[in-house]
Ligand code: UT7
């Protein structure tokens, strides 16, 4: 019997309508379009403005988009993995709510949090469930409402992040397509450089923490940048070597969209032609758990069955890694 691999067989996405442009940010903080564009590659991002709606709102829309495109009955889904750093609530899994709302009544569900690497780690988890032979349809959703944890008076973070959601379906494959290899890493040294200080068990919410703005994302951008450049490039190069892949063998780099310069550094180390590097950071900024599936969704029509794709991400924690996957269908 052929070995079971986990292939991505469908993709869906959702981004909110509201656009926050660099020009509008110029009116909020001391910044300018030229600085943001040259330092990050970002021109605009989407924000979820609907009152009372959280990450699940976007996750449900992305999942429904996938169900519709794939003509899939939600009752056939076995498992929903919700990759997110901004759950609806600190307690009560967002994934469980999403699964119920989309009608995945036969599935179990849980949240997976690994900052900007949540979706990449989720690909590993989803793939392992499929490869075990126990589950046939695993829905992996990456969604984040970063605007709920960003201080729009802090120019170090508000120019970077945006909101969005993407979803992929993993199914068993016996043709050798799907996930081939992975290198996943983490290092707790990163906790100091990218964090939300309060609201957790170390520093519960108080009047003081609100006044001190400790419920917003803090980032030491320079340090994170340094680690991100070497971390993402290292694992991407290593996964190529380990699988005897030259730059000619690789069709696409699907990298976390945090900063255009980090993506370019990774592509350079891989000696990849620019045309193979998927980029949409200019439209959405850093949507944390949603960047990878939003790339797949935006570029789905260009991906061909058998294409060799390297996925790479780096995020808070620190968490990072690379995945080598063979694409399983042509649209
Ligand atoms: O996805 C999770 C992982 N996160 C990341 O990968 C993000 C990693 N970090 C970055 O992408 C970059 O560090 C940033 C985009 C956050 C910042 O870019 P940078 O090139 O590292 O800038 P910097 O912090 O070194 O600041 C350079 C200068 C400073 O001025 P001086 O000291 O040289 O006079 C800053 O004060 O730019 C200034 N600056 C700004 N100027 C205009 C910082 N932020 C801004 C701003 N607009 N928004």
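Just so you know, glycine gets a Cβ as well, placed from its N, Cα and C.
According to TrEMBL, the feature region 'ACP-binding' maps to residues 257-261, out of the candidate ranges 247-251, 252-256, 257-261. As stated in TrEMBL, the feature transmembrane segment covers range 309-329 out of the listed 288-308, 309-329. Cα spacing between residue 256 (active site) and residue 116 (active site): 8 Å, rounded to the nearest whole number. Counting only same-chain residues six or more apart in sequence, the Cβ atoms lying under 8 angstroms from the Cβ of residue 286 (active site) belong to 42, 116, 146, 160, 161, 162, 256, 257, 258, 259. There are 28 other Cβ atoms within 10 Å of the Cβ belonging to residue 256 (active site).
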